[in-house]
Amino acid sequence: MTRFVLFLNCFFLICMVVECKEGYLMGADGCKRSCLTRPGHYCANECSRVKGTDGYCYAWLACYCYNMPNWVKTWDRATNTCGRGK
């Protein structure tokens, strides 16, 4: 029983390390993925497409996702390229 509990703890720790990224989904243009005119479930669906566990439309402007893999590109103010072309 002790080994099983230890196994579960290790499993959850690995899951937290592997998929711990959260942030705004970014489109191909470098901008946040807009959700202003989308249905309520749009962001949750978009987040699950990139293997995130959940997401919502933050202030009705942009999709924010939780627990995404590290390979997913997210919008960051420091590296913002939105509106500057490719």
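Even glycines carry a Cβ here, placed using N, Cα and C.
Owing to the predicted nature of the structure, the values given are computational and were not obtained by experimental measurement.
Cys31 is paired in Swiss-Prot with Cys82, the candidate among Cys65, Cys82 named as its disulfide partner.
In the disulfide annotation of Swiss-Prot, Cys47 is paired with Cys65 out of the candidates Cys10, Cys15, Cys20, Cys65. The Cα of Arg84 (arginine amide) lies closest to that of Cys31, out of the disulfide-bonded residues Cys31, Cys35, Cys43. Cys65 (disulfide bond) sits 8 Å from Cys43 (disulfide bond), taking the CA atoms of both as reference points.
When each of the disulfide-bonded residues Cys31, Cys43, Cys57, Cys82 is scored by how many other Cβ atoms sit within 10 Å of its Cβ, Cys82 comes out lowest. The number of other Cβ atoms within 10 Å of the Cβ belonging to Cys63 (disulfide bond), over all protein chains shown, comes to 26.
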